[in-house]
Each structure stands twice: as structure tokens, then as C-alpha cells.
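According to TrEMBL, the protein has these features:
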type	residues	note
COMPBIAS	66-75	compositional bias 'Low complexity'
COMPBIAS	76-97	compositional bias 'Basic residues'
DOMAIN	4-62	domain 'Tudor'
REGION	53-109	region 'Disordered'
TRANSMEM	212-231	transmembrane segment
TRANSMEM	251-273	transmembrane segment
TRANSMEM	294-313	transmembrane segment
TRANSMEM	325-344	transmembrane segment
TRANSMEM	455-475	transmembrane segment
TRANSMEM	481-500	transmembrane segment
TRANSMEM	521-542	transmembrane segment
TRANSMEM	562-581	transmembrane segment
Amino acid sequence: MPSRKFADGEVVMGRWPGSVLYYEVQVTSYDDVAHLYTVKYKDGTELALKESDIRSQSSFKHRKSQSSSSSPSRRSSSRSRSRSRSPGRPAKGRRRSASQSREHKDDKKKIIQETSLALVVLVLFKPSENNTKRYNGEPESTEKNDTSCIILEQKLKPDLEIKRVLEQYSLRSRKDDKKTEEIFSEKKTFVAVKPIEKVPSKTKELEFGGRIGTFMLIFLLPATVFYLLLMCKQDDPSLLNFPPLPALESLWEWRVFGVFLLWFFLQAVFYLLPIGKVVEGLPLSNGRKLQYRINGFYAFILTAAAIGVLLYFQFELHYLYDHFMQFAVSAAAFSLALSIYLYVRSLKAPEEELAPGGNSGYFIYDFFTGHELNPRIGSFDLKYFCELRPGLIGWVVINLAMLLAEMKIHNLSVPSLSMILVNSFQLLYVVDALWNEEAILTTMDITHDGFGFMLAFGDLVWVPFVYSLQAFYLVGHPTTITWPVAAAITVLNCIGYYIFRSANSQKNNFRRNPADPKLANLKFIPTATGKGLLVTGWWGFVRHPNYLGDIIMALAWSLPCGFNHILPYFYVIYFICLLVHREARDEHHCKQKYGLAWERYCQRVPYRIFPYIY
């Protein structure tokens, strides 16, 4: 094991990832396994650096160049050479010595190399004109990377001028100049294009209660789903009325499992169709960008057409309602098998492909959170496919089956107003997610969380079978509401949807193109990573306005079920807990990522989700 060079608390010079700039940092810890130093910059940003990216402060002291004079032997030998000279050579009294010529060439090479490196730095890290004009009324010195580049540019201006003069009056042949330009071009291209590979470190801070918490969640999540479904089947679904446990043999049917597999692979076929645009995701730790095909909305249209054909040929779609618990068990069994496969294959995955949040070295924790970040079979991305396709589209199909079951069981010619509202609200939500499918590429699920039991069970079981709880409840417990009440609930849902969609659109448009003239009225706080933190619009109202819109919509989905039981409001309660927990995770990651800029942002926007409350 290599020895450690820098101690905790030592102040050193750390290179900013992806650049040649060094800043004063303080060593906070050292990872013996990954051999990485955790350092803290002056703005509060914490990063993990290799030992080769850290230097002592003494190495940055100015060193005087020592010029060596030519030896006597060389001076004497130079006199014995031919006295004839070409017109381009200098006069005898002004002729340069060999050592002086070499020093001149070395200085020239050094100037060219420093200038090329400086040009690359300025191109990569100089902020856009739009960003420097919108600092919320604050001086540009608040962004350390920007001022460093400006100072560097000013220092290198004399060198650039010297380089220009030397090239103009060069005594070398044009052939040599051309060769130097080719070398310079290759060197500049190499420096600009080659990505800085980051070695992923072990996950130190465990979430969800660590190993014990994740172990319990593996059993608690399926138990919660089955409990809710059994409660909805009872005539009195109160919390104190615990449902009787069904026989184990009644929970499984191979035909139901076959239907579930057919549904899953049908969506996989739709995913592989060469329709829709192909976009790139965010850069990975090694600088590579994965490609994703955006065709979720087309898959939804094809699924709707397939369901329409089945209904035309009088297929009994309420079969889903009659075997709802068996479908949930089949989905849970499939998600467990998928999770085992994902963990086994992740053991052979390269280090750079592991998830930053699921690389703890503990089996249970990594199995739950996901060990591999983007598991793929060829170009088929398993996590991205499961995020929106089988579960989200299946949610809409289940709602439709509940609507038809309500009409059949209660002999209705049209569905109840409550069922129509629930189906309409949730259909709008799903269609919106599929229409804006590209936005999911920047979410924590894709960029940070690995694909393990948590996401596999959540996407395939929790979303379709828990999110459809209101529709399932209304089949056995019909609720009558008046048109004015329905109108008020519709307005509430529209308000929540407007906040949710406009906030997400504002964020996504700003991330995609901060220089867009349409966003000129938005103010933001610059960060050391080059990104900006919005402090106007919805994101200046609360830190997570999209979560606020989500919660308002969740309430609107539950209100059509009335107030006789708390069961249909489980989704609202759960969703508030989920988003508060996710917000806490976001806060933690953003504080580490943005440092002092995030603290300034929190001062400007003090409320997290609920204005003047939380």
C-alpha cells in the first residue's frame, strides 16, 4: 500500500478537475482504498482528488532561471569553423553562441507551450457573456473560476505578443515552422479533448438508515403494498380493521405472471423501435455521454391503440381488477429477480460505471440502492426503460380497468364523476411525463442512484399498484360529489400542474441554454462548477417549486374519494414524506457540490417546499 503524502488539515495546492488551474485547498480526509484525498476549497466546495493533482505550496515558489555559458572548447571550435556565411546569418561580432541559440529556442518552445495551454484553459473555462452580465447585482469576484481565468489571461497577454513577434521574425525555415505548427496543433487538440477520468470512491455516507434500514425496507415495501390492496378490498377499510391474510396459493397464478411478462416485453419492443430522437445524457465520471432514444410518448400511443383493439374484440379488461393482488405479487417477484440479476452483473462492471451512491461495499445496502449506475444490454438501458415505460404506462391501464370494473359492478352506463376526475388527473400527469421524457435525464434517479431493488420495485410495483390506489378504492367504495365540488377540485389540480410544469420547464430551459434571450429576466448565483442557481421565478419562491406542485396535485387526486376513510389519502401522506426526504438528499448533495454558492442561495431562498412554512 503506498504511503500517504499529505496529512489532514494540511494546506496545499489542488488542481481544479478538468483544468490546469491550481487553488489553495485544505486536506480534510484520505480514502485508503481509492487513494483519494478529500479537499476543501475556499468557497466551501469539497472534491476528491488524486495525489498527482495535489502539490505542496513550496513547489509554486518563483524559481530563477540559471543560464549556463558556453564552454571554452566550444568557443574555440566555433572559431575554427568556416568564416563564410550566408546573407541570413548575423555579422561576426553579433553572432550568437550555440548555448544562446539553444536557450532562445527553449524559451520560444516554452512560450508556445504556455500559450497553447493558456488558450485551452481560456476556451474551456471562460464564462459566457450572458453569465457575466447577470450576477444579481453582485461583483464578478464572487466566482473564483472566472476571476482566475481573467487574471491568467491578463498575465499571458505579454507572452502572446512575444510569440507573435517571434513568429513574424523567425529565422527558421518555413518547413520547420510548419512542423512546429502541426505539433502545436496536435498538442492543443490533445489537451482540449482528453477527458479527466475520475476514480469513483467508496460510498461513505449511507442513506435510508444504512445497512439495517435498507434490509428492513426490502421487506417493508412489499408488505405495505399488499396491506393497502387488502384494505381496499374490505367493506370497512379503516386503519384499526386489519384485513385477514389470504391463502398463499391464492396469491400466485402462472397465467397472471405470463400476462405481466407479456406486458413487460411488449413495452421493451416499443422502446427498441427506431422512432423518436436520440439525445445525450449528462457526462459520466469518465467524461462519456450515453445516448437515449426519446420515444416514450410514441410507446404510449401504440399501447393505447393495442388496448383499443382489445376492447373492440370485447376483451374483459376488468380481469386486472379481479386478479389485482396476483398481478402485484407477480410484479414483486419479477422485480426481485431483476434486482438479483442487476447486482450479480454489477460485480463485473468497471469501477467507473458504478453508482456514486451504491458503492459502499456492503451487500445489502448496494443491493437495495443499486451498485451499477447505468446497466445496459447493448444499447438497451434497463434503468431508463423501467423509469417511465412498464410502470407509468401500466398505471394508466390499471386506472382504465378500474373504471370499467366500476361500471360493470355497479351497473353504470357512464363512470362516476369521482372516477372520471381521478382518471383524468392522473392521465394528464402520465402524458406530461412521457411528453417531457428528456427532462428525466437530469434527475437524481438517472444521474446519481444506481439501479437496484429500490428503483426496480418502485418502478414496477410501487408506481402502478400504489399510485392507482384512489381508482381501486372507488370501485368498492363509490363516492358521490357535486359539480361545484368537482370544479373546485379541478381548479386545485390545474394550479398544482401549472406550478409543477412551469417550474420544471424553467429549470430545464435554463440548464439547456442559459443564454436564451427568453430567460434574460432570470437572475442566478454563479457556482464554481460553471452552473447557475436560479433565484428568480419559481425557483426564487421556494427551493423546490416542482415538489410543491406535485403535492398539490396529489391532494387533488385524493379529494374525489371523499372523507369517509384516510386510506385514499395514503398517497398524499406518503408523497409528502418522500419529497421531504428527497429534498433533504438534494440539500446534502448540493451543499457538497456548490459549497459557498449553495449557502448564499439558501439565504436568498429560505423556504424549501412550502412557502412561509417549510
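Yeah, the Cβs are placed from backbone N, Cα and C, and that goes for glycine too.
Keep in mind it's a predicted model, so treat the numbers as computed, not measured.
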Considering only the recorded stretches 212-231, 251-273, 325-344, 562-581, state which has the highest number of Cβ pairs under 8 Å to the transmembrane segment (294-313).
251-273
Same-chain residue ranges lying at least 6 outside the transmembrane segment (562-581) that approach it to Cβ under 8 Å:
228, 231-232, 237-239, 418, 466-467, 469-470, 473, 477, 479, 481, 544, 547, 550-551, 554-555, 609, 614
With Cβ-Cβ distances below 8 Å as the criterion, list the same-chain residues six or more beyond the ends of the transmembrane segment (481-500) that contact it, or say none.
417-418, 421, 425, 428-429, 432, 538, 545-546, 548-557, 559-560, 562
Selected stretch (most C-beta pairs under 8 A with the transmembrane segment (251-273)) from 212-231, 325-344, 455-475
325-344
Please work out the mean pLDDT for the residues of the domain 'Tudor' (4-62).
80
Near the transmembrane segment (212-231), which residues from the same chain, at least 6 beyond its ends, have a CB less than 8 A from one of its CBs?
237, 243, 245-246, 324-325, 328-329, 332, 364-365, 367-369, 453-454, 457, 461-462, 465-466, 469, 472, 567, 570
